[in-house]
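In what follows, a structure is listed as structure tokens, so that the remarks can point back to it.
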Amino acid sequence: MFYLLAGLGNPGKKYELSRHNAGFMIVDAIASEFYFPSFRERHNALISIGNIKSHRVILVKPWTFMNNSGAPIMSIASLYKIPLDNIIIFHDEVEINFCTIRVKKSGGNAGHNGLKSIDNLLGKDYWRVRFGIGRPINKTNLKIDLSYYVLSQFHNIKAVNNTILNIVEHITLLLEKKPSMFMEKVKNLIKYEDIPTE
């Protein structure tokens, strides 16, 4: 039985390290750590099939823009007959503090357009790993446009990379359906802020 691990993001070099591409960054790190083969394009997505210990896994990066993420995920899940309980979506979440990780199954999409697209095509009964990017830190009392914020690059990329490494290190707990244990393991011991580190 396959597991489908999909990271949400936007294609293109200009978006590579943006907050909205946290999902892509996590999937890339998983692929690197577990020696997955190079991604190839199928069904409007980049996919790679490999193993995480004893688990057979398909990594997916929808190669559509965020608002259309659901279609390639639905196509791949249908092709490989993957049940919703074996689908894990990694995505950014503005309502969660920076570099805080939350896991849930089902529930609302909190206005996230990538999740809306998936919900519309697959329903809601899949797993979500929510990577906190927080809301903009505004010390000047100027209004910061949320779409500009999520499409901008992280400032504290070191904290992001450390958090992603924690996710990758404990990913098997998610595959074993142990979300509470996973969240405990990936909890950062210090509170990070997404501000320039230099």
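Here the Cβ of each residue, glycine as well, is placed from N, Cα and C on the backbone.
So that you can see what the record holds, here are the features copied from Swiss-Prot:
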ACT_SITE  His20  active site, proton acceptor
BINDING   Tyr15, Phe65, Asn67, Asn113  tRNA binding site
SITE      Asn10  site 'Discriminates between blocked and unblocked aminoacyl-tRNA'
SITE      Asp92  site 'Stabilizes the basic form of H active site to accept a proton'
- Query: Near the tRNA site, what residues other than Tyr15, Phe65, Asn67, Asn113 in the same chain have a C-beta no further than 8 Å from the centroid of the listed C-beta atoms?
  - Reply: Asn10, His20, Thr64, Met66, Asn68, Ser69, Gly114
- Taking only the Cα atoms, work out how far Asn10 (site 'Discriminates between blocked and unblocked aminoacyl-tRNA') lies from Asn113 (tRNA binding site), in Å, as a whole number. 12
- To the nearest whole angstrom, state the Cα distance for the pair Asn113 (tRNA binding site) and His20 (active site, proton acceptor). 11
- Query: Given the binding-site residues Tyr15, Phe65, and counting only Cβ atoms in the protein chains shown, which has the most within 10 Å of its Cβ?
  - Reply: Tyr15
- Asn113 (tRNA binding site) -> DSSP, reduced to three states, gives helix
- Item | Euclidean distance between Cα atoms of Asp92 (site 'Stabilizes the basic form of H active site to accept a proton') and Phe65 (tRNA binding site), Å | 15
- Between the Cα atoms of Asn67 (tRNA binding site) and His20 (active site, proton acceptor), find the distance and write it as a whole number of Å. 12
- Message: Validating a neighbour-count step here. Other CB atoms within 10 A of the CB of Asn113 (tRNA binding site): how many?
- Response: 17
